[in-house]
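If you check Swiss-Prot, you get these features:
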type	residues	note
ACT_SITE	106	active site, nucleophile
ACT_SITE	196	active site
ACT_SITE	198	active site
BINDING	250, 251, 252, 253, 254, 255, 256	ATP binding site
DOMAIN	29-222	domain 'Glutamine amidotransferase type-1'
């Protein structure tokens with residue numbers, strides 16, 4: 001359950017939205033023009049890993065964003081369109097004529113080449129997946145990484161290809177399906193590549209992006225969480241003044257970091273509200289209360305409404321209906337508690353940068369909803385409060401780094417992601433207190449096993465699922481007919497894609513034995529070996 005997440009913070013309270021300058025305003029910046037690639041966020045994260053602030057904007061808004069941001073360099077992303085289509089997306093010529101370094105990736109290479117007078121052809125030499133390119137000439141992007149004449153693995157995903165160079169460019173790499181795979185104009189500092197350096201499947205991709213950021217654009221890297229902390233505190237003080245702030249704590253990392261940062265800025269002007277809906281992991285409510293009320297001395301209102309939530313969920317089996325029921329009820333409870341606190345002028349949310357950019361549509365049409373996001377929705381409008389969103393410029397890994405900078409314990413900052421609806425979506429079918437207790441205990445054993453094996457920080461997310469089926473078993477001399485527990489563990493860098501974790505069979509066997517022996521009501525354990533895609537990380 002998370003109060004602090006919203007799909008589009010700027011659209012929640014038009015009259016009271018945060019209009020103060022971004023913390024990033026004083027830093028070196030790179031603008032990323034998004035043409036609709038599924039992995040554009042990875043570009044931004046790779047740039048941030050170099051200590052440089054990056055911001056993603058849709059191509060339709062790129063010209064205005066460039067004028068406002070005054071970036072030191074620009075990256076053109078990939079995308080699903082063809083530059084040969086009528087009304088194909090393009091980069092504003094004002095950017096290409098501004099004298100700043102430009103890097104084009106996949107579609108970004110094609111539109112850069114075409115807009116500057118080159119030729120792009122489509123259709124006949126599609127390349128998808130792993131490929132090998134050969135370096136035919138040196139260039140600044142390759143410095144210290146790739147050598148002339150060498151062959152290197154990359155990740156391709158394209159149908160069109162550049163067949164004639166624009167004036168001033170030279171080809172510096174080739175591949176079987178794209179003879180002009182990397183192009184360079186050293187005078188204008190324009191570079192472009194047909195493959196995707198931002199994905200892990202291009203082993204040297206992060207180094208190539210580093211060369212563009214550091215050696216081509218000449219940026220020094222002044223984006224650190226220590227600097228962000230100091231600047232964010234000043235921004236919060238300027239925005240809030242003497243006003244009061246309430247913050248919904250979920251038990252997750254985002255809301256916790258937001259709360260500690262805001263408390264450092266304004267002290268007891270902040271009150272946190274922790275709504276325990278009865279769908280949390282084992283001992284989670286106690287750990288949240290202990291951390292904030294006793295360790296940080298942050299004013300905290302703890303509300304136990306588990307009976308109310310379980311009553312509302314009785315008979316509900318559809319996962320979307322579960323999410324919507326929990327979301328609506330949370331808003332009702334949080335609103336009542338916030339009014340009881342009284343006098344709050346601001347609502348704090350742990351909105352992250354992906355929450356802001358995920359809502360952008362690049363075609364003007366609707367996007368497919370895979371799962372509803374559980375958030376506070378219209379709370380600020382209903383309660384006539386303004387938003388404080390101190391983390392809205394950060395990615396998840398940056399939030400964790402900020403949490404450590406703020407002194408939050410590693411055991412808390414490094415916790416695996418936990419869904420807003422909690423255990424409700426890890427218990428397919430109808431939810432009962434009995435099922436939740438079985439699931440809590442099984443999950444606690446599983447996580448304990450992972451920690452003892454030293455694997456917790458290696459795994460992106462791990463959890464148990466209580467399946468809506470029973471199986472026959474034999475325990476002692478008797479027949480059992482009990483529940484089946486599914487175990488899930490994945491590795492990922494961002495949650496957008498994920499692979500199942502390849503546990504040793506001995507680990508799985510030992511874990512299954514512990515769960516069956518220690519958790520009453522379970523007689524069978526299975527392990528989920530589905531990656532994302534085709535599956536999602538959570539079961540519902």
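Cβ atoms here come from the backbone N, Cα and C positions, even for glycine.
It is 36 Å from the Cα atom of residue 255 (ATP binding site) to that of residue 106 (active site, nucleophile).
The recorded positions examined here are 106, 253, 256; by Cβ neighbour count within 10 Å, the least packed of them is 253. Remark: of the recorded positions 198, 254, the most isolated position is 254 (fewest other Cβ atoms within 10 Å of its Cβ).
Residue 196 (active site) is 7 Å away from the residue listed as 'active site, nucleophile' when you measure Cα to Cα.
With respect to their backbone Cα atoms, residue 196 (active site) and residue 253 (ATP binding site) stand 31 Å from each other. The number of other CB atoms found within 10 A of the CB of residue 255 (ATP binding site), across every protein chain shown, is 25. The secondary structure of residue 106 (active site, nucleophile), as reduced to three states from DSSP, is coil rather than helix or strand.
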